[in-house]
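Annotated features, as they stand in Swiss-Prot:
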BINDING   Cys28, Cys211, His236, Glu240  Zn(2+) binding site
BINDING   Lys271  ATP binding site
MOTIF     30-40  motif ''HIGH' region'
MOTIF     268-272  motif ''KMSKS' region'
Amino acid sequence: MIKIYDTMSRDLREFVPIEDGKIKMYVCGPTVYNYIHVGNARSTVAFDTIRRYFEYRGYKVAYISNFTDVDDKIINRAREEGITPQEVADKYIAAFREDVTALGVKPATRHPRVVEFMADIIRFVEDLIEKGFAYESQGDVYFRVEKSHNYAKLANKTLEDLELGASGRTDEETARKENPVDFALWKSSKPGEISWDSPWGPGRPGWHIECSVMSTEILGDTIDIHGGGADLEFPHHTNEIAQSEAKTGKAFANYWMHNGFVNIDNVKMSKSLGNFITVHDALKTLDGQVLRFFFATQHYRKPINFTEKAVRDAETNLKYLKNTYEQPFTGNVDAQELQNFKDKFVAAMDEDFNAANGITVVFEMAKWINSGNYDASVKQALADMLEIFGIVFVEEVLDAEIEDLIQKRQEARANRDFATADQIRDQLVTQGIKLLDTKDGVRWTRD
């Protein structure tokens with residue numbers, strides 16, 4: 001039985017899908033104006049792992065993750081680079097795909113772009129105006145927060161708290177609002193900015209409306225799971241809920257999931273603070289699987305501190321698992337013991353996708369393997385577990401020359417010519433091949 005920590009209820013809840021055996025899942029994707037940083041990547045990796053585990057447990061997952069390709073940040077970047085907003089979006093979508101492929105992330109069922117849904121967004125806003133949940137003001141359209149039942153319940157805030165916090169605002173936009181906490185559904189464009197025609201004049205959608213429309217148009221009014229980083233709880237996901245439920249009269253999502261931050265020196269990694277490392281740069285010195293494995297060492301909801309030591313530890317541990325995976329079969333496998341490992345792994349992951357505990361089981365199983373319990377069934381079980389974390393080992397085939405040296409060393413040992421055997425072993429070490437003699441034969445690892 002899978003349990004999910006639901007941000008809305010602040011509790012672990014048994015997962016019950018809307019439709020047996022199927023899951024509708026929407027995860028907020030990147031605003032494509034720059035390379036993603038390691039903190040952004042954690043969200044992508046966390047929900048890819050969750051999606052993979054659902055599939056491991058037999059579910060068919062419709063996994064949607066968008067590209068926000070209409071945004072002020074994209075417009076500003078276009079001005080800086082002297083290209084169009086469309087060219088900015090295309091450039092960084094391509095970079096995103098390259099980065100997450102290196103991290104072993106599966107393509108989403110669909111990666112929608114905002115520009116594909118402009119007519120749907122306008123209809124959505126018109127519907128909210130007709131229902132009295134939104135109003136036009138000088139070419140902008142705002143959502144009436146006070147009409148939303150239990151607004152900000154996701155972020156555990158009250159409307160009174162928000163109104164108190166906004167009471168001192170005097171900027172031009174606030175003057176156009178009925179209430180300072182109302183948020184934009186449609187924003188009028190300035191001269192020279194990218195815009196679309198609408199009943200309220202040329203403009204572009206607000207950020208929050210974009211995800212609501214893409215989710216409902218593709219997956220329907222109510223989905224099983226909506227996810228994203230913890231920083232999206234408020235205002236983004238809060239506003240998605242308000243406008244979506246105002247339009248449909250139905251629950252927007254049955255479970256809300258949020259991943260923790262990546263910290264640098266215990267401070268949240270972010271572009272605004274300037275303390276970030278892009279995945280593009282990290283991959284110049286790190287294998288993508290190492291970074292992916294680093295993320296798996298901590299529960300997805302908890303913050304994780306990005307340090308060189310932590311990453312190098314992940315690299316060492318991953319190498320150990322690769323060497324374990326690539327060793328020759330030994331036979332003598334207790335089928336019940338293998339099943340016990342599988343059951344223990346499922347129990348760990350069923351508890352809110354606790355990858356850290358799941359990885360612990362993998363290492364316990366590796367120790368068991370290295371004590372002489374390895375056959376094809378064990379290898380497949382290990383591969384299946386690791387694949388949930390995006391770790392796929394491509395078995396290395398040794399050069400014929402190296403294979404020949406290993407065979408000659410075996411012959412020398414059989415003839416008790418230990419001097420020659422040692423000489424060959426030392427020669428292999430210089431080529432990065434380390435040999436280990438066991439009761440089941442010789443094993444090699446790439447050093």
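Heads up, the Cβ atoms here are built off N, Cα and C, so glycines get one too.
Recorded features from Swiss-Prot, shown on the structure.
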residue	record	Cβ contacts under 8 Å, 6 or more apart
Cys28	Zn(2+) binding site	Ser65, Asn66, Cys211, Gly227, Gly228, Gly229, Leu232, His236, His237
Glu240	Zn(2+) binding site	His208, Cys211, Ser212, Ser215, His226, Phe252
Lys271	ATP binding site	Asn34, His37
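Sorting each residue of the motif ''KMSKS' region' (268-272) by its DSSP state yields 0 helix, 1 strand, 4 coil. Reduced to three states, the DSSP call for Cys28 (Zn(2+) binding site) is coil. Counted within 10 Å of its Cβ, the other Cβ atoms near Cys211 (Zn(2+) binding site) come to 27, all protein chains included. Under DSSP, Glu240 (Zn(2+) binding site) is assigned to a helix (H, G or I) in the three-state scheme.
In the three-state DSSP scheme, Cys211 (Zn(2+) binding site) falls into the helix class.
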